[in-house]
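If you check TrEMBL, you get these features:
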type	residues	note
TRANSMEM	30-53	transmembrane segment
DOMAIN	46-299	domain 'G-protein coupled receptors family 1 profile'
TRANSMEM	65-84	transmembrane segment
TRANSMEM	96-120	transmembrane segment
TRANSMEM	145-167	transmembrane segment
TRANSMEM	214-234	transmembrane segment
TRANSMEM	246-270	transmembrane segment
TRANSMEM	282-301	transmembrane segment
Amino acid sequence: MKMALLPLHNGTKATEFILLGLTSQREVQPILFVVFLLIYLITLTGNFGLIALIRLTPWLQTPMYFFLTHLACVDIFYSTNVSPQMLVNFLSEKKTITYTGCLARCFVFVTLLLTEYYMLGAMTYDRYMAICHPLHYKSRMSRPLCICLVTFPYLWGSLVGTMQVILTSRLSFCGPNIINHFYCADPPLLMLKCSDTYIKQTALFVSAGINLTGSLLIILISYVFIFFFFLITIMRIRSSEGQCKAFSTCGSHLTAVTMFYGSLFCMYLRTAKEQSVEQGKIVAVVCIFVNPMLNPFIYSLRNKDVTALRSVVMRNLCTVEKRSILTVSK
């Protein structure tokens, strides 16, 4: 593969970068193309289907589903920011991206990532209010408050994303301009610098640490209160089925949150070394592709409202099918 080299002097402005992708083995590229195309299609179908289901169902117009709609939108854009370019590169000899395009994708990536942090926090707070304060739930989780809880993640994510891109744009890059990753990301991008990156790396580390820890604390504190509420409530439940049902609901959600935040800690709280970048590719696949694909199933398969709606739809379909059969037989 031909490498475009940059002049080795201060003030160098890169015009394009070459993305190495997941692997350099050409025989594996078509297989990876099919695999990630299926993952992307499942992600789009699942999240768009969930949004349509919520929008078209009157009794799902509640704060929980309001947050879930926005989470699905974030997952769609989050995956779309990387997937199309990655799929094209699997089948293309020229795996380049412009300097401006690289910065734009970095901005969108950081913005959506931070948005999802705090969107998950808002959803957990909503769950805490619904479980621990059911009598005051509707009054406290008002429409204006829900809009504020949704707006803050978008604004904060955009602000941090802008700051990170400005710091990146002030760096000079030296040839060869090859990014050892499948998308434009800060850790592998910093390996191409020929200027001091202390401010950028410090800002990246502090921002990742504060936002990861801050959003995770919101979730953990909410779940501590929910857990103690369950302990008090479960003591009054004689049936072991009720105990299993209560714990399984929280267990599935906590498993999803643990996967999401665990992969993020691994991806960002590391140094920009060659070995860590290679390991980061695997972690990034989980963050960018697996989590958005699984979220619609995690938040719908165990959901009573969605399960009940699915049962109603299936019964109606069976009724229509039986009527069609009777009409044909007559």
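A Cβ is built for glycine as well, from the same backbone N, Cα and C atoms used for every other residue.
Heads up, TrEMBL stuff is auto-annotated, nobody curated it.
Not measured: the values here are computed from a predicted model.
Per-stretch counts of Cβ pairs under 8 Å to the transmembrane segment (96-120) identify 145-167 as the leading one among 30-53, 65-84, 145-167, 282-301.
Ranked by number of Cβ pairs under 8 Å to the transmembrane segment (145-167), the listed stretches 30-53, 65-84, 214-234, 282-301 are led by 65-84.
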